[in-house]
Amino acid sequence: MAPMSERIPTFLLLCLLFCCVHGQMNQNFYQKSCPNLQTIVRSVVSQAIATEARMGASLLRLFFHDCFVQGCDASILLDDTPTFTGEKTALPNVNSVRGYEVIDAIKSQVEASCNGTVSCADIVALAARDSVNLLGGPTWNVVLGRRDARTANLSQANSDLPGPDSSLSTLISMFAAKGLSPQDMTVLSGAHTIGQARCFLFRDHIYNDTNINPSFAALRQQTCPFSGNDSNLAPIDVQSPVTFDNAYYVNLVNQQGLFHSDQELFNGGSQDSLVQQYSSDNSTFFTAFAKSMVRLGGITPLTGKNGEIRLNCRTVN
């Protein structure tokens with residue numbers, strides 16, 4: 001190992017690089033160049049949720065699936081072309097990720113207000129925050145200044161997004177690979193307090209796992225048979241599926257997690273005490289969720305002259 005005196009310059013250089021990247025981003029990034037941005041985003045998201053409450057969960061999930069692949073760069077929004085394959089057909093995304101048309105609607109209004117100024121990546125981040133808040137959850141200051149990717153990564157979308165059958169150790173390691181702690185993983189999983197899931201994603205859990213409340217399993221089996229009807233939907237949070245609250249954790253304590261991966265958070269492992277804490281203290285969950293969402297939004301953003309500001313979120317300029 002090199003002497004400390006030789007290693008300090010490298011350490012300082014890394015610190016400077018980190019500060020330079022994140023120093024270009026701040027919550028007031030568009031204050032002068034697009035002052036109506038946040039009003040536009042919230043208005044369109046509010047209309048979308050009023051039309052279909054589930055859309056709030058979809059926009060939150062869209063942000064998560066974007067940030068876990070190449071970072072928060074709107075790569076998930078890119079459509080396939082004859083010469084380009086995006087991430088929309090990845091197994092975790094195809095016929096599953098929704099809300100693209102809401103982002104399009106926001107982008108259209110933002111372009112009319114301040115042309116060529118705001119990235120699609122920042123729009124996705126703001127839409128996720130407003131979705132949570134409009135459904136009763138916390139709010140937070142979104143750090144802005146991301147730029148949009150000119151590429152996508154189908155293979156990374158297939159490999160880096162945790163699945164509904166993931167074990168606790170797999171969940172912890174997959175989040176750690178993105179710079180997120182086990183606590184971040186457990187609190188961000190609380191996003192499952194809203195939204196719905198297709199039968200085939202939780203079938204194995206409700207028929208084959210033993211760490212599940214029998215009455216809850218029977219309830220879900222009513223609309224998710226042992227075979228067939230793969231696309232039948234069920235609320236992920238059986239108590240309050242369109243309200244952002246801590247009921248997800250109450251469900252876990254009662255062995256009513258819909259996914260195998262959900263119940264892994266409360267199954268005699270390292271996250272049990274945190275789940276119990278969030279299940280009994282909504283405000284603590286809200287505070288932690290807001291902080292973890294800021295960290296999620298900081299995964300390897302493109303800034304400065306990297307990437308571009310797409311005029312159409314579905315295609316590169």
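Positions of Cβ are set from backbone N, Cα and C atoms, glycine also.
The disulfide bond recorded by TrEMBL for Cys313 joins it to Cys120 [selected from Cys120, Cys199, Cys224]. Take the candidates Cys114, Cys199; TrEMBL pairs Cys224 in a disulfide bond with Cys199. Of all Cβ atoms in the protein chains displayed, 25 besides its own lie within 10 Å of the Cβ of Cys224 (disulfide bond). Spatially, by CA atoms, the recorded positions Arg61, His192, Thr193, Asp245 include one closest to Gly71 (Ca(2+) 1 binding site), and that is Arg61. Nothing from the binding-site residues Glu87, Pro162, His192, Asp245 places its Cα within 10 Å of the Cα belonging to Cys67 (disulfide bond).
Recorded residues Pro162 (substrate binding site) and Ser75 (Ca(2+) 1 binding site) have their alpha carbons 18 Å apart, per Cα-Cα distance.
Taking the mean position of the Cβ atoms of Asp66, Val69, Gly71, Asp73, Ser75, Glu87 as the Ca(2+) 1 site, the remaining residues of that chain whose Cβ falls within 8 Å of it are His65, Cys67, Phe68, Gln70, Cys72, Ala74, Ile76, Ala149, Ala152, Asn153, Ala157. Local packing around the Cβ, expressed as the count of other Cβ atoms within 10 angstroms, is greatest for Cys120 among the disulfide-bonded residues Cys72, Cys120.
Considering only the binding-site residues Asp73, Ser75, His192, Cys34 (disulfide bond) has Asp73 as its nearest partner by CA-CA distance.
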